[in-house]
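Quick look at what TrEMBL annotates:
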- 5-165: domain 'CSC1/OSCA1-like N-terminal transmembrane' (DOMAIN)
- 186-339: domain 'CSC1/OSCA1-like cytosolic' (DOMAIN)
- 350-509: domain 'CSC1/OSCA1-like 7TM region' (DOMAIN)
- 620-651: region 'Disordered' (REGION)
- 6-27: transmembrane segment (TRANSMEM)
- 90-110: transmembrane segment (TRANSMEM)
- 143-164: transmembrane segment (TRANSMEM)
- 352-372: transmembrane segment (TRANSMEM)
- 404-424: transmembrane segment (TRANSMEM)
- 444-469: transmembrane segment (TRANSMEM)
- 489-511: transmembrane segment (TRANSMEM)
- 523-544: transmembrane segment (TRANSMEM)
- 550-569: transmembrane segment (TRANSMEM)
Amino acid sequence: MDITALLTSAGINIAICVVLLSLYSVLRKQPSNGCVYFTQRLVSEPVKYSDPFCLERLVPSASWIMRVWQATDEDILAVGGVDAVVFMRIVVFSIRVFIIAAMICIFLVLPVNYYGQDMQHKQINAESLEVFTIGNVKEGSKWLWTHCLALYIISCSACVLLYFEYKSITKMRLAHITGSPPSPSHFTVLVRGIPWSPDHSYSDSVEKFFSTYYPASYVSHQMVYQAGTIDKLMKDAEKMYRMLKTIEPQCGKSSMPCCLCGGTTHSFKVLNNEAESVKSKTSVDGLQPTQREKERPAAFVFFRTRYAAVIAAQVLQSSNPMLWVTQLAPEPHDVYWSNLSIPYKQVWLRKIATLLGAIVFMLVFLVPVTFVQGLTQLDQLSHTFPFLKGILKQKYMNHLVTGYLPSVILILFLYAVPPTMMLFSAMEGNVSRSERKRSACIKILYFTIWNVFFVNVLSGSVISQLSVFSSVRDIPIQLAKAVPAQATFFTTYVLSSGWASLSCEILHVYVSKYESGGQFWPIVHNTTIFSLVLTQIIALGVFGIKRSPIASGFTIPLIFFTVLFNEYCRQRFSPVFKRSPAQVLIEMDRQDERWGTIEEIYNQLRSAYCQYPSISPDLSTAGNTSHHEDKESSQDPESLTPGNQLVKLNE
């Protein structure tokens, strides 16, 4: 691949990025999309729209970009919560590392690579990208120390940034725990593996067990039931009501012309007496005669204090570890109810099965990856498909096929990976949506590291890809030989995935259903450390091939210090993301006692984890939102801060 092919790929991706950003700018101005992009803002401060056929709404503008850039962490925290702030921190951290690496490589490494061989150079636009890689540096060159220096600067900068980000996000998580209103999950323990008894129901067994062993702290419990058809219909009705309620504050009783057909849309109003009728007819209390048959061996157990719940969740409850298994309960909206009915004894079998399924999926994915690698080799492509020789001789088609098409095809195939991994994670038996998503995230990372990096680097036959790691000692040498040869492909892959692919994300809105408190950051930290260590190992192999003992000798301590830094962060910050500090929990319990809110919290516990809630009590007041209709506002959607969008990466 030459410079022209790289510029072709860069130009196409920049054009796609501009088109997507312009499309977003136009879509966010449309009145019909107000409830999509500005739901939270519209609920608190409705917007009065002017003529929907205004020409200005069809013209993209860049003013929103500046407001996004000026948004502070406090603004994002107020709108989206801790998870939204952590997501933006991930983006900013990645940009900072990329800028540092780009500056070092452009002004220090690339000149050394370009003049690494005594050769006659062509014009820059006709040069092959291989002359800009370390493969162009001759063996024993005294300039290889620049690569070692660049490796030190990039690694140290990344570690420093990681430390301050980890420290800041840890403080943010603690502030979220202490500053948020009392959460039912702080007082609740999820119990699975409840033993079956022919003389007692599961509910009676839970009552007897915790009344006996936790008499001072046990409050009550809520059983998990097998889902039925009526129960699912009730849940669907609840979801539909919540969705319609979100739209209601925007439209009120007014009618608004449709910008497409010119028709009008009318608001809805729920009658109070109908709500009460539905509520009385669909109450869970009506299912009492069949509750015992529908009980599952899982329950939510409520305790008097947060500290008591934490102790009960961490202690082994029985001499049989498969019985009375406890853990802190997830948030009510984070509960993945369908998996609570899975017997706990099946969980470990499910995890093994999903692991095998993920491995098979990774192996099957070798086919598209090998096909993509074939596109980067024009000689092999022309030999395999002779009818393409004439087309590939055209200069533009040559640049398109080698510079842009391989990375795009690989990215399109990769779109099938997240839903597949989410399915595997759901089959594992995770009891919360956040656990399921974290599990899927880790699987996707493993998949990307293997299929996108290793398989592309060590491309060839499947047998050679599997046998290349037959000797662990040969791994650095094999990677050192293969990575420089694939540098051009990864350059175009980063352009496609980092620009065009991520620009698409600005058009999906992710509705937040739960708050994990920034628990995805440790995954980012561990992935970054793995990438740094892998880069250092590859560099060690390259320095060995290039016969530079000094650079190799200085790289070994860098690997050691990077691993040591990761261990320090694991000991210093990681426990906060796994367990809540007892000191914080006890202080919060004492604060509740001083404020006299304990009884109010107890009253909310049982209803918070109701598996099949009846129609919400606030249905009776749903029709009273018409007071918004007379409230005028001159704000236009374009003047609203994009930070008010629901952009959290949650379900």
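Including glycine, each Cβ sits where the backbone N, Cα and C put it.
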Folded-back contacts onto the transmembrane segment (404-424), same chain, C-beta under 8 angstroms, at least six residues removed:
5, 8-9, 12-13, 354, 357-358, 361, 365, 368-369, 371-373, 375-376, 436-437, 440, 443-444, 447-448, 452, 489, 492-493, 495-497, 501
Average the pLDDT scores across the domain 'CSC1/OSCA1-like 7TM region' (350-509) and report the rounded value.
77
Taking the transmembrane segment (6-27) as the first stretch and the transmembrane segment (523-544) as the second, find out whether 3 or more Cβ pairs fall under 8 Å, excluding pairs closer than 6 in sequence.
no
